[in-house]
Structures are given as structure tokens and as C-alpha cells.
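In what follows, a single structure is set out as C-alpha cells and then discussed.
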Amino acid sequence: MQAIFIVISFLALLQASNVAAFPTDNSEPKDSTRPSSSSTVLQLSRRGSLTDEKTGLLDQKTLDAHLRYVLRKQVIGAMNYYKNTGSVLATFNMTPFQLEDVYQSGSVPLITSDDTPEGTNKTEGSDQPLSSLRAVNQPETTDTISRSRAQGRTIPLDNLGEKDLIWAATVQVGSPPKTFLVSVDTGSSDFFLASNRCPTAQCARKNIYVPQHSSHARPTNKSYTISFGDGSSVKADLMIDSVTIGDFTLPNIGVGAVTQLSSQFQSSTGDTSDGLMGFGFPSLSQSKATPFFTALTKANGQQGVMGSRFSRKSDRGSEITIGGVNPAAFVGSFTTLNVMAMEGHPPAFWDVSFDGAIVNGQRLQLSSKIATIDTGKSHFCFHSI
């Protein structure tokens, strides 16, 4: 089998269902087209690159490493899901023992397929066929969202290193609030920050979270380790504190006060962010704390919408919208795609079903038509037959 990869700039929009639209050009949105005050838009920054900065050509070694990261991230997320729910995802043709072996060995199998080794179209050990994937609290139909219904407050996304790979936004934590720059990741569900509990060399040149300086912070006496697909890891003590994104403040959000930070997250290796905020579902969380976006949706279901616009380093306008979408960031209307999950189980990733993919006018023969929308990735990855 052959994997086909496309590196692009794209628009991702997330809510209780997923929606898609054509992005506009990457120019700075005008104030007159800004969303309403009922939601928040954050500017994004980026870090990392898949191209050689000197030649401008694709760096194959960097791409290979990033693809390994993508696949390992899926495995780690599946393992977290199994630990939290007791079920193996239907998109993994594995028993729990096989999943544990893949997780521990660090291997990166091509894990998404419509066919099991036995041809039963089921996941061993969970007895869940791929056909069991259903929309989460959504009807079996599509819908459209018109420009007039699009709302949101936009927050710019900062370009970390201007390398078109990962984007970051500013958030405030604690009381009084302190500002931090965090990577935005819909493919994970934990939130952590460099803290005063981290060795000085590991968290050098980062804004430091000091729980004692926040009147709202309280300890949980729980520590945990977060692992990512590229071998990076974080150890943290779980705190509960107030967190603000734009105009939205929630009082009881889990914040990981970092105690150990692997080299991939350190400023000395080019990561100038202060931490990472996961916008995934609770089923993927290693800390088992409720993610900010989930808590916001529970507090006000109408705010359970997030829109992201990503621009190349040569352009401006990368942003994330919380509580709506920015009408200046797209043309036409949205087509709603239901978020998929196994029957009787919570969702894992932001997975959607799609009709197909065309590259250079040729329709790809795909082994699966279930896609994960993940802002922690910078490309489209298709597994073809």
C-alpha cells in the first residue's frame, strides 16, 4: 500500500458536528467583518516546517519524522481512549493486547482500514465494526450554516518561527490572570504550562506558571505523564485554576504544572510556546481533566463551536474563533459533517466521514473514508490502496 501526503494551508471548523467551507484569501480581516461579541477569535502563530528554509523544497527527512509523529499520535490517542473507556477504537484492527504491544514497542502501523485480517469488518476484542461509527448527538443528515449565522470572536494565532507547521494562541490563567502562548491541538485533550516546578534549563525563556501566585489555583495531588507521537513527553502536577480564552473565563479547568519537559518542547530546540492546550474530547485525556472546550460547551451549548484559519508564513491572518466562526474567513456556506463515534461510546478524535479525495484531477482509491481533523498536523494524509 502507498500513503499519499499533501501539504497545504487549510480551514478547519469544529463544533458538535464538523463543518467545511472554502477559505478566503489570507489577508487580514477587516473590523467591519469581525464576528459578534458572543464569541472570541484568537490570532495564531506557527512553529516548525516541512521545507528546507534555504531551498524552499520539501525536506523528506522532516516529512518522514512528522508522518511518524502523526501515526504515533493516533496510537497514543487510541491507548488513552482504551484506558479511559475500556474499548478499542473501531478504526484499529487490534485486540487490546495488540494495541498495548504497538504502544509499548513504538511502532507505527498503518492503522486505519475497512478490512480486518479475518475480513469480518470488526475490531477484535471490542466487537465493534466500522459500520458502528455513528454521528454524536446529530441526525443522519447534513446541514448548512449560512454566513448570517456565522458568529464568533476572533483571536490571532501567532507564528512560532514562521515555519507553517504548528500554530499557537494566547490564553490567560489564574487570578490575577497571566498570559501564556500555547500550541492549539484538536488531536489531544490535555493542557499544560511551563511552571516553577520545572527544571530551570528545561523551561528556560518561557513564561512560567506559578500556582501559588493565583488565588484560584488549588492542587489535586495528582501527577501524570503526557506522551506525544514524536517521542516528546511532559510530566506535570495537575492543578485546578481559572482559564480565560478571549472573552470566555471558566473557573475550574485542569492545568498541568510541568515538572519535566522533554527537549522537543524546550526553547533551545525552537519551541517558543509556553505549553499546549488540547481541544480534543475527554476520552483522549491522560490527566482525566475536562478540556476547556468541552467545559465551555457544557456551560453553554451555543458556544460549542470553534473555527480555525491557517495562513502561510508569507501571509497574515491565522486565527482561531471560539464560540462561532469568523465570516471574513470563508466564502459561501458550510456543509455540516457529523462527528463519528462507536455506538454507545464517547467520541475520540474529531473524526468525520468524507466522500473521497482528488489529487491532480485523479480520484484516489482509499482504504478508508474516515478522516481525523487535527490542528496539530499541517497536511492531509491519505492511506490509498
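The backbone N, Cα and C atoms fix where each Cβ goes, and this holds for glycine too.
Annotation comment: TrEMBL describes 1-21 as signal peptide. TrEMBL lists 24-47, 110-130 with the feature region 'Disordered'. Summarising the annotation, TrEMBL assigns compositional bias 'Polar residues' to 34-47, 118-130. Residues or ranges marked as domain 'Peptidase A1' by TrEMBL: 167-385. What TrEMBL lists as active site is Asp185, Asp374. According to TrEMBL, the disulfide bond annotation covers Cys198-Cys203.
Overlay of TrEMBL feature records on the structure.
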residue : record         : Cβ contacts under 8 Å, 6 or more apart
Asp185  : active site    : Leu276, Met277, Gly278, Phe279, Gly280, Asp374, Thr375, Gly376
Cys198  : disulfide bond : Ile208, Val258, Thr259, Gln260, Leu261
Cys203  : disulfide bond : Ala194, Ser195, Val258, Leu261, Gln266
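The local packing around Asp374 (active site), expressed as other Cβ atoms within 10 Å of its Cβ over all shown chains, amounts to 22.
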